[in-house]
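Novice: Please find one structure pasted underneath; my questions will follow.
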Amino acid sequence: MTLTAERHDTAQPENAGVFERTDFPTDTAHEQVTFFQDPATGLKAIVAIHDTTLGPALGGTRFYPYADEAAALKDVLRLSRGMTYKSAIAGVDLGGGKAVIIGDPATGKSEALLEAYARFVQTLGGRYITAGDVGTNSDDLDVMGRATDYVVGRNTSAGGSGDSAPMTALGVFQGMRAAAQAKWGTASLAGRTVGVEGTGKVGYQLIKLLLADGASVVATDVNAAALDRVARDFPEVKIASSVIGQELDVYAPCAMGATLTDESVAAITAQVICGAANNQLAHPAVEHDLGERGITWVPDYVANGGGLIQVAGERLGTSADDVRAQVEKIFATVVQILDVAKRDGILAGAAADAVAEARIAAAR
């Protein structure tokens, strides 16, 4: 069934599951929320389209074992709204959407389920374009591509743009350089110490860029294999059990979200924070604490937009060179955001939202 933000039918029992309800709250500002299920494969999925002012809604499909259907709905509503802002700030002609598949990908994922999901995506007629996210990868997207035209992020062998980690890392690097310029008067990171938390695909690529720019790097990761790879490939990198609390100029959270807590902010010595992780703030008041300490934070959805720009380019037929040039413009975007924040006496997060909202408003 398809439920829109305008629809609000008769009340249902409070313990009814999402797939058993016919009511929907009217205060989400989403254009469309669609619930899909396929009993034959066990598929239960939700697609949320937040805003299509700038173009079709783009956002990844998250395959995750949510505690219940209400938790899945809450997550997809939050994530899809975030994608609207991420697309707007990245300068791509796409809107914001997201999808979740409820279940454990380790045990519940199958080609039949992915194809069933993709057939449902196809029925949306291009209003929503899917991509990878937690629990889905390029191989899964290749499978989806058998049943829908509206998927990006596939392997190059399947006509996709391939791994987006290098472009994501480049965007973070450019955001970091812009913050450095605002903080120290120069965009160069030469002689600066950067703590990279998370040395997976994006963190690894970021370390390469930092070292090439002359920075010293301290790195940590809960994944021993990922950290071993960094130690092997970049012997000049200092390996640590934690980077928070180290003497740093820049902190780059590139792993899980919510690492910026009341406690961690009190321990951070860095004057710039810019990383690839999503949802870095444990709660909104943390950004106020960062501002009180004079720490420049680059909003995560701005810094990590390089991957989005790449997959958007795949959909729009943009050349690799043009994609790279657009990712490098994240530098100018961050400069603009920090200038707005300083001029208006607001936090960087609010300034980023204002810039994104202005672009959306101009297109209406």
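Each residue, glycine too, has its Cβ placed from N, Cα and C.
According to Swiss-Prot, the feature NAD(+) binding site maps to Arg62, Asp133, Ser164, Thr168, Ala255, Met256, Ala276, Ala277, Asn278. The L-phenylalanine binding site annotation in Swiss-Prot covers Lys86, Asn278 and is backed by similarity to another entry. The feature active site, proton donor/acceptor is assigned by Swiss-Prot to Lys98, with similarity to another entry given as support.
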Novice: Distance between Lys86 (L-phenylalanine binding site) and Ala255 (NAD(+) binding site) at the Cα atoms, whole Å?
Specialist: 19
Novice: Do you know offhand how many angstrom separate Ala255 (NAD(+) binding site) and Lys98 (active site, proton donor/acceptor) by C-alpha?
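Specialist: Checking the Cα atoms of Ala255 (NAD(+) binding site) and Lys98 (active site, proton donor/acceptor) gives a distance of 20 Å.
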Novice: Measure from the Cα of Lys98 (active site, proton donor/acceptor) to the Cα of every one of the binding-site residues Ser164, Ala276, Asn278, then give the nearest.
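Specialist: Answer for the nearest of the binding-site residues: Asn278.
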Novice: Give the sequence-ordered list of residues that share a chain with Arg62 (NAD(+) binding site), lie 6 or more positions from it, and have CB atoms under 8 Å from its CB.
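Specialist: When sequence neighbours closer than 6 are ignored, Arg62 (NAD(+) binding site) has Asp75, Val76, Leu79, Lys98, Ala99, Val100, Ile101, Asp133, Val134, Gly135, Thr136 within Cβ distance under 8 Å.
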Novice: Taking the binding-site residues one at a time (Ser164, Asn278), which has its Cβ surrounded by the most other Cβ atoms within 10 Å?
Specialist: Ser164
Novice: Using Cβ atoms only, which residues of the same chain lie under 8 Å from Ala276 (NAD(+) binding site) while being at least 6 residues apart in sequence?
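Specialist: Ala276 (NAD(+) binding site) has long-range Cβ partners Thr168, Ala169, Val172, Gly198, Val202, Gly203, Leu206, Ala252, Pro253, Cys254, Asp300, Ala303, Asn304.
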Novice: Note down the number of other Cβ atoms within 10 Å of the Cβ of Lys86 (L-phenylalanine binding site), including every protein chain shown.
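Specialist: There are 27 of them.
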Novice: What does DSSP call Asn278 (NAD(+) binding site) in the simple three-state scheme?
Specialist: coil
Novice: Need one number for the NAD(+)-binding residues Arg62, Asp133, Ser164, Thr168, Ala255, Met256, Ala276, Ala277, Asn278: the maximum pairwise CA distance in Å, whole number please.
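Specialist: About 18 Å separates the two most distant Cα atoms.
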Novice: Please identify, from the recorded positions Lys98, Ala255, the residue with the sparsest Cβ neighbourhood, meaning fewest other Cβ atoms within 10 angstroms.
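Specialist: Least crowded of the recorded positions Lys98, Ala255, by Cβ count within 10 Å, is Ala255.
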